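Everything below concerns the one structure shown next.
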Amino acid sequence: MYSARRSNDPEDPLAAAIAPPPGESPEEKAARLRREEEAKRINDEIDEGLKQDRAAWKKHKSMFKLLLLGQSESGKSTTLKNFQLAFAPKAWKAERASWRAVIQLNLVRSINNILDVLSAEMSKSSNPTSPATSPALRPITTESSGAGGNASPSHTQFSHTHALLKLRLAPLRRVEADLKQLIGAATDEIGEESASTPPFSSAGAGASDDLNAAAPFAEGTTRRRHAEFYVRSNDTWRETVRSAYHKLSGNEEAVRGTVVTDGSKLEDATEIIASCADDMKALWEDQVVRDLLKRKRIRMELSPGFFLNDIDRITQRDYEPSDNDVVRSRLRTVGVQEYKLVMEKYERSAPTTEVAREWMIYDVGGSRTSRAAWYPYFDDANAILFLAPISCFDELLAEDRRVNRLEDSFLLWKGVIQSKLLAKCIIILFLNKYDLLEKKLAAGVKINKYLPSFAERENSATVLAHYLHQKFREQHREYTPDPTRPFYGYVTTAIDTKATASTLASVRDGILRHNLQRADFV
């Protein structure tokens, strides 16, 4: 070896550094050799780790990267579920059961929100001079908020039944807390909002200048909303819930290697929900409660995670979520979710098998505070799927009650399409929540009251969807850095799994054709 040949050369600093110390005993030499062997082992492990990291990085760089963008509650997470359901059904089936706790939480939370409204109104209508046992019998005196501000007193009244329902449904408060703890959710409350404008924009810019963010919608609304549960961007909650279910079923083999969670809270929650089924249904179907929600302009059926029409089914002790249930469920995520989609259904004859089979999908947070996290994902994205909820033309941002949600979507869209980092990206637009748009217009909401440029066009979902599609396309044509960039636009209802699967298949085929053209295969 080199060190042996040069060990006596006083001019060789390396030889001096690695030479054994003078007068080294056999025991010291053995200890030194063990230390050197251990150091070599650690060095080899580091080298192997770096080698694996480089290989993984190269593979990761070669994967097709799809970035889901859009404001909060635009349907990004629901679209990601549809990708899994449509193209990776085996992996989807393996994790479907873990959503049971989320769906139960959605249902319980809806009931508790109704109870909050009911309790507040009953407190207002109670007479302080009445006996403590009879406040629920007092009539409602709240004035209705009809058009033009004409006040008319309600003739409905609370009865002993409502007080009894409040009492009997009280255990659902603990169920909500237990399910949140099991899922590992945190809570977050949105209060008075800042005056900051979203990234990519200046106030009032773009095709949505005519949107009336001021407000018929804002009249009578509050400045705060209920805290919403959320989880961080990781899969640990699924593992936790799965282990709880496996422990309950006695499947010790499935529990091994996972974070074992006590399933007692899950079992208790399921039992309490089942025992409260009739009372939950009675509360939701009560006409006095329905009238109260209508006067407060609270439309539960338009809120995400709505399962109040499925109480009979979801409260069963042996309830198992359907694909549609999971897609409709609501679990707010913060941060960036990174999901590797290995397609089980793909065209095996496709020359570009990497693009055909493995995609990396990033679901980034859509709230204003999360948008700064978008930029690091722009430089190597292959496609952008932008979701714009078109049912929200009469709604205001939760983060800033002065900004119309549709206007915010236009501002985000403009910023995305004019970004030079995304000049080579395929652009896909989903005009989402068409089903909610239909329901809203059927209830009598007038589009041109909030969107003056819509003028005297027919007040229908089809006409508005076509109008907005043209607006988004015109902005893309005006602001894109590359006029040859592919653009695909679709009107979607993300909770309609069959229709969305067909749309996603079209999206995938379009992406594959584009990549084949770039590779000169077609």
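Positions of Cβ are set from backbone N, Cα and C atoms, glycine also.
Predicted automatically and left uncurated, TrEMBL annotations should be read as such.
Some features that TrEMBL has for this protein:
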type     : residues                     : note
BINDING  : T333                         : Mg(2+) binding site
BINDING  : N432, K433, Y434, D435, A494 : GTP binding site
COMPBIAS : 26-36                        : compositional bias 'Basic and acidic residues'
COMPBIAS : 123-136                      : compositional bias 'Low complexity'
COMPBIAS : 141-157                      : compositional bias 'Polar residues'
REGION   : 1-36                         : region 'Disordered'
REGION   : 123-157                      : region 'Disordered'
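Features as recorded by TrEMBL, highlighted on the structure.
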residue	record	Cβ contacts under 8 Å, 6 or more apart
N432	GTP binding site	G70, S74, G75, T79, L387, A388, P389, I390, T492, T493, A494
K433	GTP binding site	G75, P389, I390, S391, C392, T493, A494
Y434	GTP binding site	I390, S391, A461, A465, V491, T492, T493
D435	GTP binding site	S391, T493, I495, D496
Please give the greatest C-alpha separation between any two of the GTP-binding residues N432, K433, Y434, D435, A494, in angstrom, as a whole number.
9
Mind tallying the compositional bias 'Basic and acidic residues' (26-36) by DSSP state, helix then strand then coil?
11 helix, 0 strand, 0 coil
Count the Cβ atoms, other than its own, that fall within 10 Å of the Cβ of A494 (GTP binding site), considering every protein chain shown.
26
The residue listed as 'Mg(2+) binding site': tally of other CB atoms within 10 A of its CB:
20
CB-centroid shell, 8 A cutoff, GTP site N432, K433, Y434, D435, A494, site residues removed:
G75, P389, I390, S391, L431, L436, L437, T492, T493, I495, D496
